[in-house]
Amino acid sequence: MQEAKCAYIIIIMAVYWCTEVIPLAVTSLMPVVFFPLLGVRSSKSVCLQYLNDTNMLFMGGLIVAISVEQWNLHKRIALRVLLILGVKPALLMLGFMIVTAFLSMWISNTATTAMMVPIVQAVLDQMDNTEHDVTMMEQGTGQTNTVIELEEKGASDLPSVHVISNGQVPDDPRSSEERKMRKRVCKGMTLCVCYAASIGGTATLTGTGPNIVLKGQMNQLYPNNNDIVNFASWFGFAFPNMILMLVLAWFWLQCSFMGLNFKKSWGCGTERSAKEKAACDVLKAEMKKLGPISYAEFNVLLMFVLLVLLWFTRHPGFVKGWATRLFPRGEKFITDSAPAVFVALLLFILPANKPKFTGCKTSMSDSEQTEEDIKKPFLSAPLLDWNVVQRKMPWSIVLLLGGGFALADASANSGLSAWLGHQMTPLGSIPPWAIATVLSLIIAVFTECTSNVATATLFLPVFSSMATSVKIHPLYVMLPCTLSASFAFMLPVATPPNAIVFSYGHIRVLDMVKTGIVMNIIGVLCVTLAINTWGRSMFELDTFPAWANTTANQ
């Protein structure tokens, strides 16, 4: 009876999440009301799920990400990498993708895309303007460079080109071809940003919502799992997969929008030099606007590096981490949320400006010194202000995660998970890799229409029940499906990065659908490869772990 009541609430929430009749976050609050009323779980048990360990990890990571955004550190990193990689067409696209994916690992996919698209736009506009100016100059003076002379067979037609050039250039078939090519390059360059943001978010545990959902569900459904999914183990599995996907996505976008003319793409010829110089000038101008690295930026960078180091060295797996060495019973008491919140606290304490030592400045006259003291406060403002965090924190995602954990907790304790698992026992005759691949494809299609976090929240408890019933490692199914929940490549409404790129007006829905179908296939193939190669040995997926078995028998 309890299983049926729990299933009823889950079905209603699934319909509300898919149709968005009320906001996603509001739907996520339904368990607080209906589980106690129907006698499925007590109010105390349900409410505890909304700010549990995993949600605190997510919030700590987000506060650090907000500080990076606040001080424009992400923009400085982006521009520096693009200037290092160069501005040849192929390298420029690769540069945009690498920068977007790297930033998306640490700050939200939406913020990364919102920052990168204007940079892409500025570079493309400047390249187009420069190309137009060069073309007009060449046609006006009749002095074409040697490459164009070789391409144009009839040198005797030059005077007529000069005559026509006053307002009738569009009739020239070569210029219309150039315009089409420019449009395609523009589509490719903007699409690469939203795709790289979605791919990059999969590489770290806090990079995107579905990854956090998996971490929370594992702790919820398998309390004795020995912290099998932590920051270091997730990174070891997902980062190589992200690199592979990024390279294949770049190659696919190159083929789709720029053709396979590697001489042109890699810039072996000289005809693109003016455009490249223009693109480089834009990046340098943007870098100049930022000025030298400030004291606050340096401090935020230090805090960011400290957090990543603490996450990686807490429980690396192959050696004892700092949690075990420095603290008694540290491996049981300290999780990834502790360093995340610790660094978040430091951001509200450390000063944004260099501390002043006024006693040393005796050479200045008293009147000047007092004037300066009045202007500058003695105590500097901290690196982060709570009002900024309150404004930029995606509270809706925090509630969405909490609602998902409440559902997982209720389905495990009401017996719904065990019942669903029992219904799926016939799947045991199919090889595990086939089950994982088919389910990944289903999730990749489903996530195009619904929120990525909602998709993971709905499906992961069901898949974990299925895994325990057919006696396969739960992560064999849950890991690929979690990654697939981020593969929303086909529709503008599928995920915020797609919507941001689409709003700039260069891309039609059909362009995104055609490119996105192949991207989805690439994603599922890469995940299948990852889970059956290095994932198999990392998580010992060939075994059925004792912690999964004890949970099934409870």
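Count begins at 1; order follows the chain as displayed.
Placed from the backbone N, Cα and C atoms, the Cβ positions cover glycine too.
According to TrEMBL, the protein carries these features:
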type	residues	note
TRANSMEM	7-35	transmembrane segment
TRANSMEM	85-107	transmembrane segment
TRANSMEM	231-253	transmembrane segment
TRANSMEM	293-313	transmembrane segment
TRANSMEM	333-352	transmembrane segment
TRANSMEM	397-421	transmembrane segment
TRANSMEM	433-463	transmembrane segment
TRANSMEM	475-495	transmembrane segment
TRANSMEM	515-534	transmembrane segment
Need a quick answer: max count of Cβ pairs under 8 Å to the transmembrane segment (333-352), which of 231-253, 293-313, 397-421, 475-495 is it? 293-313
Per the Cβ filter (under 8 Å) with a sequence gap of at least 6 from its ends, the transmembrane segment (397-421) is approached by 2-3, 5-7, 9-10, 13, 24-25, 27-32, 35, 40-41, 45-46, 49-52, 54-55, 58-59, 209, 212-213, 216-217, 220-221, 451, 453-454, 456-457, 460-462, 464-466, 468-469, 551-552
Check for me, if you would, whether the transmembrane segment (433-463) reaches the transmembrane segment (515-534) - at least 3 Cβ pairs under 8 Å, residues 6 or more apart in sequence. yes
Selected stretch (most C-beta pairs under 8 A with the transmembrane segment (475-495)) from 85-107, 231-253, 293-313: 231-253
So, do the transmembrane segment (515-534) and the transmembrane segment (7-35) meet, by the test of 3 or more Cβ pairs under 8 Å (sequence gap 6 or more)? no
Which residues of the same chain, at least 6 past either end of the transmembrane segment (293-313), have a Cβ under 8 Å from a Cβ in it? 61, 64, 67-68, 70-73, 76, 106, 231-232, 235, 321-322, 336, 339-340, 342-343, 346-347, 350-354, 383
Under 8 Å Cβ-Cβ from the transmembrane segment (231-253), and at least six residues away from its ends along the same chain, one finds 93-94, 97-98, 101, 105, 188, 191-192, 195-196, 199-200, 202-206, 211, 215, 311-312, 314-317, 336, 479, 483, 515, 518-519, 522-523, 526-527, 529-530, 534-535, 538-539
